[in-house]
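A.B. asks: Here's a structure for you.
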Amino acid sequence: MLSIHPLPSLETNYIWVLQQGRSAVAVDPGDAAPLVEYLQQNQLELRAILVTHRHADHTDGLPALHHAFPAPVHGPATIPGVTHPVRDGDTLRLLDRDWRVLATPGHTDEHVAYYGDGALFCGDVLFGAGCGRIFDGTPQEMYASLMKLNALPPDTLVYSAHEYTLPNLRFAAAVEPGNPVIARRIALDQEKIAHGQPTQPSALADEQATNPFLRCDVPEVIANARLHMPQAHTPTEVFAALREWKNHFK
């Protein structure tokens, strides 16, 4: 049976550890120390590492891990330390399951996500109630990537790489104050944080109901986005307005 465990790392990151028996796969190890400690404490063998994109808080643990464990590193070809490059549409067989590689540019050009067994590891593209900033790409690319993920089954569990959910929900409430589901999610996630629990994973259906970046066709979202960018009419333009608003939201 597959189990998935969050390892808090750095300030807000999660390293996700997939376990089956004594075998493990790690996603986005920005720091080797917590992962090495967890593997040793639980007597696990690291079978593979998955990397979503090049940023240091997702990759800085790779050199030390390569030293300690001879596990293959799957990820975009341009990332130092990747031993097994992946491309959109590839399928990886890990822990007796198939994992599909999805190109998700926007946050960075090379960004990918991994989907399988009802779980989505999406790095910094889709967050709890939010999305990543746009560094290399364009709003059009980022929105297309979000819509690609949005097309997955609604019961998909979303494992993103940061604990940003409560700040993102505050923004969501400003964008769509008439949405009661957002208020309920804030209360639930505040309770989780108060008890030292992660707010993730979240169901994709919950993101579709509360994440403004997946709701760019909702009248209230459109109207409030236009207060910041009056020329926003298409969903992509509404997304661009929301992303710019979020960049400066306090």
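Cβ coordinates are placed from backbone N, Cα and C, and glycine is handled just like the others.
Automated prediction, rather than curation, is the source of TrEMBL annotations.
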A.B. asks: Among Asp96, Asp98, Asp124, Asp206, which residue shares the Zn(2+) 2 site with Asp57, His58, His162 according to TrEMBL?
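C.D. replies: Given Asp57, His58, His162 bind Zn(2+) 2 in TrEMBL, the matching entry from Asp96, Asp98, Asp124, Asp206 is Asp124.
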A.B. asks: Among His67, His74, His107, which residue does TrEMBL annotate as binding Zn(2+) 1 at the site that also has His53, His55, Asp124?
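C.D. replies: The candidate from His67, His74, His107 that TrEMBL ties to Zn(2+) 1 along with His53, His55, Asp124 is His107.
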A.B. asks: Quick one: among the binding-site residues Asp57, Asp124, which has the most Cβ atoms sitting within 10 Å of its own Cβ?
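C.D. replies: It comes out as Asp124.
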A.B. asks: Let me know the DSSP-derived helix, strand or coil state of His162 (Zn(2+) 2 binding site), please.
C.D. replies: strand
